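Note sheet for the following structure.
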Amino acid sequence: MEKDPLRGTAAIPLSVPPSSYQALGDQHSRQNTVNGNQHRGFSVSSDDDMIDITTTGTVTERSIHYDDPGVSHFAADGDEIPGIGQYEDFHTIDWQRDIARDRMRHRYIVKRKQNSLFDLVKGAHDAWSGWVCVLLVGVTTGVFAGVIDIGASWMSDLKHGICPEAFWLNREQCCWSSNETTLSFDIGNCSQWLNWSEVLGQSREGAGAYIIGYLMYVAWALLFASLAAALVRMFAPYACGSGIPEIKTILSGFIIRGYLGKWTLIIKSVGLMLAVSAGLSLGKEGPMVHIACCIGNILSYLFPKYGRNEAKKREILSAAAAAGVSVAFGAPIGGVLFSLEEVSYYFPLKTLWRSFFCALVAAFVLHSINPFGNEHSVLFFVEYNNPWIFFELVPFVGLGIIGGVIAAIFIRANLYWCRYRKTSRLGQYPVTEVLVVTVVTAVIAYPNPYTRMSTSELIYLLFRKCGVTNMDLICDYNRNFTDVKSSIELAPAGPGVYEAMWLLVLALIFKLVLTVFTFGMKVPCGLFIPSLCFGAIIGRIVGVGMEQLAYNYPSIWLFSGECSTGKDCITPGLYSMVGAAAVLGGVTRMTVSLVVVMFELTGGVRYIVPLMAAAMASKWVGDALGSHGIYDAHINLNGYPFLDSKEEFAHTSLAADVMQPKRNETLSILTQDSMTVEDVETLMKETEHNGFPVIVSRESQYLVGFVLRRDLNLALAQARRAVEGLRPNSLVLFTSSSPQQPPEPSSPAPLVLKNILDMAPITITDQTPMETVVDMFRKLGLRQTLVTHNGRLLGVITKKDVLRYIKQLDNEDPNTVLFN
């Protein structure tokens, strides 16, 4: 049985088993509802708990001054009620309330700065605490990224062999001390590195060596994948997947306890190294955003300004997301733009500066660690010298169109498979699914050298420009290299190039199909690197075709005479780079941040125009074939309450059409001075609402304010402990004045709960257009708004009501919105 948002306890998403949820740790139990069955919440460590808040709404009183001796109080003046103002798990925060609370706190600190030296120091600490927090986040993220890069590189090479003299070195580092030059991307040619066949006493070449290498490759892949799946299943179920859809939802103001906790951070980091090393068709770049946000969430608790305020905490998380992309690609500016364009919901100017600083620090720390072992901090550094020809914009745009089509096909196929996984018995065996996909991937990948190598290595090979030292099949041209210093000339493709093209086509089909089944499994898995690989393969094939066209017909008008001199005027690696951007843009629907990430990723600043053309063409085609990118599609699939600010509400309807309850239905309300403790408790037992409007009286239904169910429960529980003589017939007052009629001498003193009342809730009229209502929810970050008519209360509209209504208008199932 599913319960309504802000009208009941949120339902647990069906994609994760109830036993995996880390629920509230605030000493009182919460009931979750899954398919009509009650499950008690599980305890969680303190770093995932929400910090107590003193006030709610726009209330300015921190305590109530009691002038009436006949009125009882549940807390002494200035005391805090533990838990007041906290948010339930799987619920939306109130941005307006939290921002107002931060302004109150800031004014209070500024007012006291002149009182004493201690208050002055406290004010200075408050002023620079944000910069210190993002500095710590940047440093920690850079360290984690360096460890993950080094660990993944070492374990990936472990599938092929080992360095006997220093087992902790990967293949490239092992061969640095060798005088031999590694000319091929095949398994190392230096004598320092031993293949597994050599370790077992066999020769380096031959059928026996191939079989041993094949078996060891599959065995190591199975070991790594099984460890990753087991760690995720046992210790941190939230560590699976990319994490970016959930990060987008959390940054929009949603609470998922444990998703950014310390166990998720540890298991995601270790599991990511294992999953990448297993050779699965996934990347580590997307999960780095999740890891960085975990770091930001944990470190924010060192600063109460951010740890105790959910809206302020999301400023730190936005900066952490920028740092995650910065260390994933070595692209700090692209990371800031990615956080702004793709994941952040609220991004003020101060957050922009801090995100830039955080991304800069993270990139600097990663560069200092130097996990790639070269002077470049970027992942795929290229050195192209040739300018692009104007006519080449045509194939660049063509690559954008192809990228958009492939991205749309991939998204549809992946969504179909993920939906099938959720609704079938397959979802009950996540570890088995991981092992089956791993076996299939390893068995098929090993015979093809382009699928046997890591995906990052393949992308770098495709981006590279063929030269004297690159002797791979893909560079088998009939060129004359007698003069090493001379520029490379146009040359006919040799048989190795044609063989490489066929192998690349097979690699594309293999990786495209396997990624459909891999993305969404219960291991950490990203989509950036596989998407770049799809496009890089397509781009390289198109680039080689254009290069051979220029060789055979150098004087045609298409090339504007640039190729008539015989010099190398076409760069296939550039086409590979543009194709990679096209597919990634089609999958994620990024534009500005994608172009910046790509030229930072490769160092190819002079090729911004081709990248822009391909990115825009890819986005247009992708939007025409499917309305959502992969992350937004997974948000919809999982039913997260996310209102996309980029989508327009094009329907003509009014607030009265969406509000709950409908006209002529009963509205559950509280009155300001005429209900008893027993009446309030009965109302909460009979309803599942997560908030109650407070009105003057049932006869005069003018709005007074709004009170949250959680705050009301906590206040009543505190009153039972602290107030002597509290009876079921004690009046509950949401006003500081006593009732108009004096109480009888024998009647108990009333209970004043005005301090938990939000006296300035956002209200609209029943004739307000829904376009305006949706904009209010998006731009103000509302949890709910109250609907009135001539000042009288009619109903409530919550975020879930808006999402359900939009789905109904789009002919989708409104019940897929699981919680709020």
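One-based numbering along the chain as shown.
Keep in mind that glycine also has a Cβ here, set from the backbone N, Cα and C atoms.
Annotations in TrEMBL come from automatic prediction, not curation.
Per TrEMBL, region 'Disordered' is recorded for 1-47.
Taken from TrEMBL, the feature compositional bias 'Polar residues' covers 30-40.
Per TrEMBL, transmembrane segment is recorded for 128-150 (among others).
TrEMBL lists 214-236 (among others) with the feature transmembrane segment. Away from its own ends, the transmembrane segment (214-236) comes close to residues 20, 155, 158-160, 196, 261, 263-264, 266-268, 270-272, 274-275, 277-280, 430-431, 434-435, 438-439, 441-443, 446, 452, 521-524 of its chain (Cβ-Cβ under 8 Å, at least six residues beyond either end).
Note on the transmembrane segment (256-276): residues 21-24, 44-45, 47-50, 89-90, 144, 147-148, 151-152, 155-156, 224-225, 227-228, 231-232, 235-236, 238-240, 243, 246, 249-250, 282-284, 287-288, 290-291, 293-298, 317, 454, 523-525 of its chain, located 6 or more positions outside it, place their CB under 8 angstroms from a CB of the stretch. Marked as transmembrane segment by TrEMBL: 256-276 (among others).
What TrEMBL lists as transmembrane segment is 288-304 (among others).
The transmembrane segment annotation in TrEMBL covers 316-340 (among others). Within the chain, the transmembrane segment (316-340) has long-range Cβ neighbours (under 8 A, six or more residues past its boundaries) at 130, 133-134, 137-138, 141-142, 144-146, 247, 250-251, 260, 284-286, 288-293, 295-297, 299-300, 306, 346-347, 351-352, 354-363, 366-367, 376-379, 528, 590, 592-593, 596-598, 600-601.
Sequence annotations record features per position, and here TrEMBL assigns transmembrane segment to 389-415 (among others).
Sequence annotations record features per position, and here TrEMBL assigns transmembrane segment to 427-446 (among others). A Cβ distance under 8 Å defines the sequence-distant neighbours of the transmembrane segment (427-446), meaning residues of its chain 6+ beyond its ends; these are 15, 213-214, 217-218, 221-222, 225-226, 228-230, 233, 240, 278-281, 421, 452, 510, 514, 517-518, 521-523.
Away from its own ends, the transmembrane segment (500-520) comes close to residues 241-242, 280-282, 406, 410, 413-414, 417-418, 421, 437, 440-441, 444-445, 448-451, 455, 458, 472-474, 476, 527, 530, 533-534, 537-538, 540-541, 544, 630, 634 of its chain (Cβ-Cβ under 8 Å, at least six residues beyond either end). Annotation source TrEMBL lists transmembrane segment at 500-520 (among others).
The list of residues near the transmembrane segment (527-546) in space but at least 6 beyond its ends in sequence, with Cβ under 8 angstroms from a Cβ of it, reads 242, 281-286, 328-329, 392, 395, 398-399, 402-403, 406-407, 410, 455-456, 458-459, 462-463, 474, 493, 497, 501, 504-505, 507-508, 511-512, 515, 518-519, 570-584, 587-588, 630. TrEMBL lists 527-546 (among others) with the feature transmembrane segment.
Positions annotated as transmembrane segment by TrEMBL: 574-599 (among others).
Per TrEMBL, the feature domain 'CBS' maps to 659-723 (among others).
Sorting the domain 'CBS' (757-814) by DSSP state (H, G, I as helix; E, B as strand; all else coil) yields 23 helix, 18 strand, 17 coil. The domain 'CBS' annotation in TrEMBL covers 757-814 (among others).
Using a Cβ-Cβ cut-off under 8 Å and counting only residues 6 or more beyond its ends in the same chain, the transmembrane segment (128-150) has close neighbours at 269, 272-273, 284, 288, 291-292, 295-296, 299-300, 302-303, 305-306, 315-316, 319-320, 323-324, 326-328, 350, 354-355, 357-366, 368-369, 371-372. Long-range contacts of the transmembrane segment (574-599) within the same chain: residues 325, 329, 331, 333-335, 337-338, 340-342, 382, 384, 386, 388, 395-396, 399-400, 402-408, 410-411, 459, 462-463, 527-528, 531-540, 542-543, 546, 605, 607-608, 610-612, 614-619, 621-623, 628-632, each at least 6 residues beyond the stretch ends and with a Cβ under 8 Å from a Cβ of the stretch. When Cβ-Cβ distances below 8 Å are used as the criterion, the transmembrane segment (389-415) is approached by residues 512, 515-516, 519-520, 531, 534-535, 538-539, 542, 546, 558-560, 562, 569-570, 575, 578-579, 581-587, 609-610, 613-622, 624-626, 628-630, 633-634, 637 of the same chain, each at least six residues removed from its ends. For the domain 'CBS' (757-814), the model's pLDDT averages out at 86. Per DSSP, the secondary structure of the domain 'CBS' (659-723) breaks down as 24 helix, 17 strand, 24 coil.
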